[in-house]
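Each remark here refers to the structure printed beneath this line.
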Amino acid sequence: MEPILKGRNLVKRYGRVVALDNCDFDLHHGEILAVIGDNGAGKSTLIKAVSGAVTPDEGKIWLEGKEVKFHSPLDGRHAGIETVYQTLAMSPALSITDNMFMGRELRKPGFRGSVLRQLDHKAMDAFARDKLNELGLMTIQNINQAVETLSGGQRQGVAVARAAAFGSKVIILDEPTAALGVKESRRVLELILDVRSRGIPIILISHNMPHVFEVADRIHVHRLGKRLCVINPKDYTMSDAVAFMTGAKEPPQEAAAA
Amino acid sequence: MSDTQEYEKAAATSPTTVAAFATHDRSMVKSIQHGLHQTPWMVPAIVLVGSILVFGLVLGQKFFSPFALTLILQQVQIVGILGAAQSLVILTAGIDLSVGAIMVLSSVVMGLFSFRYGLPVEIAVAAGIACGTFCGFINGFLVAVMKLPPFIVTLGMWQIVLATNFLYSANETIRAQDIADQAPLLQFFGNKIAFGGAVFTYGAIFMVLLVLFLAYVLKQTAWGRHVYAVGDDPEAAELSGVQVKRTLISVYMLSGLICAFAGWALIGRIGSVSPTSGQLGNIESITAVVIGGISLFGGRGSIMGMLFGALIVGVFSLGLRLLGADAQWTYLLIGVLIIAAVTVDQWIRKVSV
């Protein structure tokens, strides 16, 4: 079966630094694909290339079998790819609702929306509150409080809720549990499994091996800007995975081809 | 979840009640800080009301009359309109040093198109407005697309536009009498409505309506939210789906457009078209914006604050003049207010810490 998201020979250079070196990438329907790799291996660049935040210098990307060329994150979003970036991409002085609906605001019905361009704050607040409740990791009292007044974990929760609420084809999560406590991380993992059960595939980038091995269907090991191998978490241990990713161990031959 | 990690078992038995914020340790100061974080225009509003009361008590009827109070509105109308343009730019974490120059050039274009070329005055006004918008577009293009710092771009444009203004007008003034006879539309914003002792010029009314309109746009439309997002953190805005370049260019163009209207209002205010007028427009508008509590670092503040800031300056200058004080006292106090306003801004930012 054709992968839902496929990248071939992706190259991205920053000056003399090669962040992506003829990298291949496959995401299959309905799976959770974990991407692991050492710091600076190019994981973030890879997901930015498939989400539209950076444009690769070379290589091609296919979404559902159709070639796509993203020039901005907005292009990726219009195609149904929603991303939670490591930096979270939130405007600190704006409210939770404003951030969730940034770039896709709802306008009021009728004259006030079409002519006066007035936003439907009420509908947006209700939707945002609903999504945060669904995620269950919120202890937010006021949906209109500025994001900068939230704790790191709460901010991350808002970012994840935003992606889960709007992603229709692919959801990319870059270190979604990095700033979260044990309990909140558990909620995010449950949310990830829940999203998969709705049939939406997920790309998960994480340094947390227990989390990766728990939820991932396949693990893409990234090393020196390339896909080193793809392994099944059931066939290997965490220390194997770490050994591949640091170069301490040669990758398995048959897995590298997969 | 069946296969939870060992260390997570304890979390399952931990209390499930939603964490509540402790409210008792909110001191008076803290709640003021939070209040200001929510409504940043409160400080200038309080200072404005306070200063009106103080001058009213000291000067009595001389100051506290409809005539004197509306005179303040008339005196700040140009700064207020320019301040509206400046607010938009500063909200995007930029600065526009060229507002005064664009205003003067626009007014000169309006004057010369009707008097030198003999074009209908409506066309002359439209040309002036187009000229201001185009200057704004150049600013926006250089900032958004060429990625030059706004300070440098508008510093350069300030000089370029001002020099163009002097070269183009040959430094000639068009007399008020000629304008009143042949092209009264140019003095449109000088028209007055009076009831009782209060005198409202069209320019002052336009300033208030413009600020109310922009307050609506900034708060109630998607574009307005994008302006704040771009000023707050442009990278985050870009990643979360804001078209940063388009937003920036539109902000600078709108700023230029408003400056052109300020140029039109300037003709109404001084009666004549003078290439040497309005030279301090950029500094005065920045002063109004800063005293109004809009952060120079972008993304925070409200345009109503700017209006209050402009009015504070107006109240101080008129009040001190009526008191017979040296004009330098006004500048001294405004300087103190600027520094105080930025101090408060920095303090408000620490609200979450």
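In case you wondered, yes, glycine gets a Cβ from its N, Cα and C as well.
Database features (TrEMBL):
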TRANSMEM  B:41-60  transmembrane segment
TRANSMEM  B:66-85  transmembrane segment
TRANSMEM  B:97-117  transmembrane segment
TRANSMEM  B:123-144  transmembrane segment
TRANSMEM  B:151-168  transmembrane segment
TRANSMEM  B:193-218  transmembrane segment
TRANSMEM  B:248-267  transmembrane segment
TRANSMEM  B:304-323  transmembrane segment
TRANSMEM  B:329-348  transmembrane segment
Non-local residues, at least 6 beyond the ends, that sit with Cβ under 8 Å of the transmembrane segment (B:248-267): 77-78, 81-82, 84-86, 88-89, 91-92, 94, 96, 99, 102-108, 110-111, 125, 128-137, 139-141, 143-145, 179, 186-190, 203, 206-207, 210, 223, 227, 230, 273, 277-278, 281
Beyond the flanks of the transmembrane segment (B:329-348) by 6 or more, those residues with Cβ under 8 Å of it: 33, 36-37, 40, 43-44, 47, 287, 290-293, 295-296, 300-301, 309, 312-313, 316-317, 320-321
Stretch of maximal Cβ-Cβ contact with the transmembrane segment (B:193-218) [cut-off: under 8 Å; candidates B:41-60, B:66-85, B:304-323]: B:66-85
